[in-house]
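The structure appears right after this line, and notes come after that.
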Amino acid sequence: MIRSITGCIFLAIVFSGIVFVLNYPALDGPFHYDSMLLEKNQELFQSGGLRSVIKIFPQRPLTMASFYANYRFAGLIPYYFRVVNVLILGLAGVAVTLLVRLLLGTPALNTHSDSRQKDVLSILLGLLYVVHPVQSVLVIYIWQRTALLCNVFFLVALVSYVASRLNRIPAAVGYPLSLLFFLLAMVSKENAIILPAIVLLTEFALFGTGFRKLIRIGAIVGGVTVLVLAMMSILERPHGAGEEASGIMATILKYYDESGLTFSRVLVNQSRILFLYVSTIFVPTSSKLQIITPQILVNSITESAGAAAWMLAAGTLIVSGLVLLKRSPLTGLGILFFVAALLPESFLVPQYLFIVYRASLPMIGLLLVVADICLFLYKSFSRAIDAGFMRKAVSIGLIGSIVLLGVTTRLRAAEWSDPLTFWKQAVQLLPPLSENIEKEGTLHTLNLLILNMIRKGSSLEEIADYERKALSLRHRPETVNVVMGNGFYARGDVPLAEAAYKKSLQIRPDFVHAHVALGGLLSNQGRNAEALQHYERAVQLEPGNARYRHYLGVVMLKMGNYQGAAESFHKATALDPYAADSCYQLAKALLEMGKQNEAVTQFQKTIHLNPGHAAAHTDLGVLSAMSGHLQEAVTHFRSALRAKPGDPLAADNLETALRQLRDGSDSEKEGY
């Protein structure tokens, strides 16, 4: 089944079908957590174009491009985003299957078991990977398509490399493919940076590569890694676009500042968390399968005997992996794969010590350990017991595990369908609130419960109780009221939303997100003079933020300050040359100023950046018609209707233009 392209396609369909069935109860649920960023930037999806969407999170352009493609196909409907995630996970399962099968055919392992046993074992481990509830989090939590894509490309890159080493594909094809997929993995999520290390470990453990050759290979992959890091340093931003810091080091420093932790504290705490990931993979209980699972922090290794014991255990695990690279190569590789895959996010994104989806890629390392154990059972007991019986026993054991994991995934998927129930459970599982609790994750958990309580119409008294708990953390309290304001505003309670935003600004007058949120509320209420003050303050606080300058320009345009609006849009487009909607609004301002030729240029630029910008096509069509170019106007009106079917303005204008063409009234300008 896995020896041909047709077999791999069939396996991908089967895996995807199983994933779809297991996760079906949650597929139609709302956006969760970071995925709500897609909803928040809906206007960019509608009118900003691909480049503007990529700029939401520029260090992961491939993932953002996939989100944009999803939107163009089916709109911002969570169900269709999750269906695509299902398909990606199905492909990842096939990649796991291929990787395990190839590794079982390397020189260090080729003497164990027969080919059919290895095929069956590889398929079962691939299936176990896709049904695991950890992978379900990546499917349902839409934003983690970043991890899904990274995992697929990471695995295919490793498969291409190993296949080349085994002469399954020509080296001239395999190695360039490996590099290509490594780059694709990196622009999906930065965790893929560990791939060069995994390649070197695989060479040493499974191909028996000597140190001299290993150094030569290391020099090559090291050079590639440096180049990739240089590229990523240009793209990297903390939390994506709109931040004042840029580059890898600036991003890491920002994240450590948000966490309030030092590297040594992270090291001490991650020593215990390492084994929490192990237990999550082997015993995935509900308490471990939350999006965020805040922990109680240990301050130093001397604080308790437990902290020292966890440090010792983590060190022992790593040393064991190194020792086993020669004695039991697949197990040694699996252990070190597991540890290495956890390192990037564990130490470079320290605001959250434990997040369940981080176990997705490291899980592959533990599957390699399971594969080695199965090989050991095949070899050790086949002499004393009927070989066929042992194969069946191992397969039944794996199938039983797959069924149990599948049931857990299905039950967990049902819990995702209601956000209020989901976040209430997450809050109930929080450790007691104390000075040593992990504050960032706890704050996010409470904030998301508050947001969903407001959306569901919970009583103000009940909401206030959780507000007090969030404020008691004394960690970024200004965010609590902005979240409340967003919730009240979403349900149409403008006075409460306004009061919440203003309360946030009382706590922290320079909190830019509160200024922007309040500015948007006031502008939508027609209170543009008040909105102007908040947008001007936002621009002062973050002068490099193109979106804030765009919002400022929109308010100025509403107030009739066309010169000021044009200047603001000019600055916005200078900061973000691919912001199609800023170009469009600039065109509107220029048109109001009587600068029609310049306006036409900006409308054309808008369409160049976003060919599906219906409003720009309509406005350009009107200008074309008024200039006597009716055929050109018809083309634009039809383009507008393709982009926005049924748009009444474009439809009416198209009808007028066609009538004038029929009547031969090329110079007529009425009706637009």
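Counting begins at 1 with the first residue displayed.
From the backbone N, Cα and C atoms, a Cβ is placed for every residue, glycine too.
All annotation found in TrEMBL is predicted automatically rather than curated by experts.
TrEMBL has this to say about the protein:
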REPEAT    512-545  repeat 'TPR'
REPEAT    546-579  repeat 'TPR'
REPEAT    580-613  repeat 'TPR'
REPEAT    614-647  repeat 'TPR'
TRANSMEM  7-27  transmembrane segment
TRANSMEM  79-100  transmembrane segment
TRANSMEM  120-140  transmembrane segment
TRANSMEM  146-162  transmembrane segment
TRANSMEM  217-235  transmembrane segment
TRANSMEM  307-325  transmembrane segment
TRANSMEM  332-355  transmembrane segment
TRANSMEM  361-381  transmembrane segment
TRANSMEM  393-411  transmembrane segment
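Through the fold, the repeat 'TPR' (512-545) approaches residues 242, 244, 478-479, 481-482, 485-486, 489, 494, 497-498, 501-502, 504-505, 551-552, 554-556, 558-559, 575 of its own chain, all at least 6 residues removed from its boundaries and within a Cβ separation under 8 Å. Within the model, the repeat 'TPR' (512-545) carries an average pLDDT of 96. Residues of the same chain lying 6 or more positions beyond the ends of the repeat 'TPR' (614-647) and with a Cβ under 8 Å from any Cβ of it are 47, 580, 584, 587-588, 591, 596, 599-600, 603-604, 606-607, 653-654, 656-658, 660-661, 666-667, 669, 672. Here the transmembrane segment (146-162) sits against the transmembrane segment (79-100); at least 3 CB pairs are under 8 Å, leaving out pairs fewer than 6 apart in sequence. Beyond its flanks by at least six residues, the transmembrane segment (393-411) meets 18, 21-23, 25, 120-121, 124-125, 127-128, 131-133, 135-136, 284, 374, 377-378 of its own chain at Cβ-Cβ distances under 8 Å.
Using a Cβ-Cβ cut-off under 8 Å and counting only residues 6 or more beyond its ends in the same chain, the transmembrane segment (307-325) has close neighbours at 201, 204-205, 267-268, 270-272, 274-275, 298, 300-301, 331-336, 339.
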